[in-house]
Each structure stands twice: as structure tokens, then as C-alpha cells.
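Trainee: There's a structure below that I have some questions on.
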Amino acid sequence: MTDLIRAPRTTITPPPASPHAPRRDASSGVARIPRAFRRTAERIDAATPAERDRAVDALRALAVLGVVLGHWLVTALVADGASLRAASPLGEMPWLAPVSWVFQTLAVFFLVGGHVATRGYESARARGVSYGRWLGARLARLFRPVAAVLTLWTVTAGLLLLTGAEFGTVHTLVKLALSPLWFLLVFAALTAATPLLARLHPLWPLAVVLHVDLLRFGLGAPAWLGWLNLAAGWLVPYTLGAAWTRGELDHRRAGRLLLVGGAAATSALVAWAGYPASMVGVPGAELSNLNPPTLAAVTFGLAQCGLALLLRERLRRAMRGPVVWAAVALVNLSAMTIFLWHQTALMATTATGLLAGRLPGLHTLPDGLGWVAARLMWLPLFTLALAGCWAAFRACERGGGRRRGRVVRTHRPSESAATEGPRHV
């Protein structure tokens, strides 16, 4: 990463250290960080525009990492003879449902996405950039990495079937690997509709979700009607992001109302209306809160968005640290690569582990706390496998026309900058 943006350097001569002052050596917290990384972090920090809202990047990073960790914790591939089948600790231990409340962070991603898209579109219009150029730049950023995932898993699935793997096993693996794509399709559709959604009040899509659930759960309407919520449900946080852009959510009162109201509504729906407590899908469950989104998932998302809005100022203060900010910037730069490849990293680790036999927490049934403890021990290896995927495929996300290693865009006019606006993609 030596070709990061070269920001002007200012030489500062520190005052002589007191002989009684604590030494800044390898035993102190910040000094443990390698000097090269600290210097890189300081350059990233210095090159970041002062007007950039770093809380936006922090929320996106938290949302992406929440989804990744959530999937790694609740996705089990159980080795059953020569086949693999998907299972979930939430199915065997439903009292672990609160784990899903922490790591199911999709609403925060849509909140940030709506905020960034509406702000970016307004900025593009002010500069005279056409809707087509603006949308093309944003969709290219979303879908550039997808081709690599589709190609690899098409080849892998074909090879597995040719070598005699059971169709059920191949179907399970491909379904897990490509499951993140539904999110991209919904997000892309909402992004394309941004000019129409910029002024839409979140209560309208919330009312659609409410009525759809009343029809299908209360009046016996056909189950397919629930798929209307796939758009309406995620429209709620997306339009909240647009309201954020309009300045309607600047006061902490709005965040408190969303947090308290959303939490109260979700609790009531789970306690008295029969909605599942888990906010993620559970294999074999009669009803899923996500597939398609239910009213409980949407009200839970309102609570998450409220908490995110309340945390903005704290996150801004935390992002003043160059090292923390550099880490967040790097996650944002590779957000789609991390999102698209994290399940592949889990499956690669699982397949490699089979060479040593059925390993606890990796190939065994998730039926007790022993499995949970063992799964936690596998997380570093999942992370290492994801790092390998990141190293191999990060170029797909950045595109061929950008300098490698660039984290923060300089203020030089270019066609890409004109179409994308500030780098909050």
C-alpha cells in the first residue's frame, strides 16, 4: 500500500520527553501497531476531506461485518456420510435467538445506502451529471465483483457433479455461496429508483408491509403475496436514509423514537402475534422473518436504524483516530468483496477440514454449547480464508482504471469522480 495518496507532510518536533513519562515502546497500546501501518493510517487520515461524515463509513463497516459474523455463527454444514447439509444452532437452541438481534444488520446497510444514494444523486444533479451516468457508476461498483463469484461457483459446481458429489450437497453449497446476491438485486433496484424515492415518507412502505402481513396471516391470503414485502420491507430503512439526507433525522429525538418504538413493536409482535424471535432464517422453521421480510423484521429494522442514528456522534469521535479510521476505510473499500466471498471462505474451510475427519464446530450438528465454543475457535480460520479471497478478488471490485491501494479519493476532477460523487458508495 505504498502508493496511497501522498498528502503533504508537516514535520513536528516533539518536546523533550520527561524521564518520568511512560515510554512509547512495544509495551504501550498504540505502539504495538506496526510503524508502517501507523504511517499509512496517518496518510489516509490526512487525505480524507474534513467535511466527510466518517460515521457513515463506520455504520456501513459495522453492517457488513455484522452480516459476515452472523452468517459464520449461525451457518453449520453438517457432514452426514458423503454429503453435507445445512443446519443452524438457532434450530437446535432457539434460546440463542438474541444472537440474531446483534448480527442481522441489513436495515443499517439500507439506511446508509439510502442516505448515500440520495445525497449522491443530488450532488450529481447539481454538477449537471445525467441520471444514466450516475446510476451506471453506482451499479458498476455493486456488480463488478459478482462475475467472479458466479464464474467460480459455476465451474466448482460442474466439477463437483462430474466427480460424483451428491446433487443435494452441491445444491447446498451453491445456495449458500450465492445467497448474498438477493441483497444486491434489491439494493440495485432501490438505487435505480432513488429519484422517485428521495421524497417518499417511510410510513408508506411500512403501511404496505403491515397490510400484506394482515392479509396473509390474518385473512388467509396466498403466501406469495408476502414477496411484495421484499421491496416494501427494505424500502422502509432506505427511505429513512433519504430522510436523513433531508435533515429530518438530525435531532436525537428521532433516533430515540425509532429505537424505542421499533423495539416495543417487535417485542409485541413476537410475544403476542406469533412472529419468530429469530431475525434470520432457520432451516426447517415454519416461518422466517427474512424470507420474505415480515412486519417484525421491519419494526426490528426501525429499532436498529434508531440506534445507528443515536451512535453517529460517538462514531464520529471514534473515527478521529487515524488507525481506527484507516481500518474502517479499508473495509469500505472492499465491502462488496467481503460480503460476496464470506460464505465461500466458510465453505472452503469446511471442505479442507474434512480431510482430517468430522471436526467439532465445523462438521458436527450444532446442538449444544460445546458446538458454539468450538465454532468460535474456527472464526480466525474463516477470517484467514476470507483474507485469501480478498487478496485474490479485490481487483474485481476496484476495477482496472483505479490505482491499487487507494483508499481516499483526491480532489482532482475525473469522469469517475463526476459520476460517483464523494466516495461513500
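Just so it is clear, glycine is given a Cβ too, placed from its N, Cα and C backbone atoms.
Pulled the feature table from TrEMBL, pasting it below:
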type	residues	note
COMPBIAS	1-12	compositional bias 'Low complexity'
DOMAIN	55-393	domain 'Acyltransferase 3'
REGION	1-29	region 'Disordered'
REGION	404-425	region 'Disordered'
TRANSMEM	61-79	transmembrane segment
TRANSMEM	99-121	transmembrane segment
TRANSMEM	142-165	transmembrane segment
TRANSMEM	177-196	transmembrane segment
TRANSMEM	203-219	transmembrane segment
TRANSMEM	225-245	transmembrane segment
TRANSMEM	257-275	transmembrane segment
TRANSMEM	295-311	transmembrane segment
TRANSMEM	323-341	transmembrane segment
TRANSMEM	376-396	transmembrane segment
Trainee: Select the range from 99-121, 203-219, 295-311, 323-341, 376-396 that forms the most Cβ-Cβ pairs under 8 Å with the transmembrane segment (177-196).
Mentor: 99-121
Trainee: Tell me, roughly as an integer, the mean pLDDT over the domain 'Acyltransferase 3' (55-393).
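Mentor: Overall, the domain 'Acyltransferase 3' (55-393) comes to a mean pLDDT of 95.
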Trainee: If you count Cβ pairs under 8 Å, which stretch among 203-219, 295-311, 323-341 touches the transmembrane segment (142-165) the most?
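Mentor: Answer, by Cβ pair count: 323-341.
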Trainee: Would the transmembrane segment (203-219) count as touching the transmembrane segment (99-121), i.e. at least 3 C-beta pairs under 8 angstroms with sequence separation of 6+?
Mentor: no
Trainee: Is the transmembrane segment (376-396) in contact with the transmembrane segment (295-311), using three or more Cβ pairs under 8 angstroms as the rule and ignoring pairs under 6 apart in sequence?
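Mentor: The answer is no, given that the two segments have fewer than 3 Cβ pairs within the 8 Å cut-off.
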Trainee: Count the Cβ pairs between the transmembrane segment (61-79) and the transmembrane segment (225-245) that lie under 8 angstroms and are 6 or more residues apart in sequence, then report whether there are at least 3.
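Mentor: Contact between the transmembrane segment (61-79) and the transmembrane segment (225-245): absent.
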Trainee: Give residue numbers and ranges for long-range contacts of the transmembrane segment (225-245): same chain, 6 or more residues beyond its ends, CB-CB under 8 A.
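Mentor: That would be 106-108, 110-119, 122, 186-187, 189-190, 194, 197-202, 204-206, 208-209, 212-213, 215-216, 258, 292-294, 297-298, 301-302, 304-305, 309.
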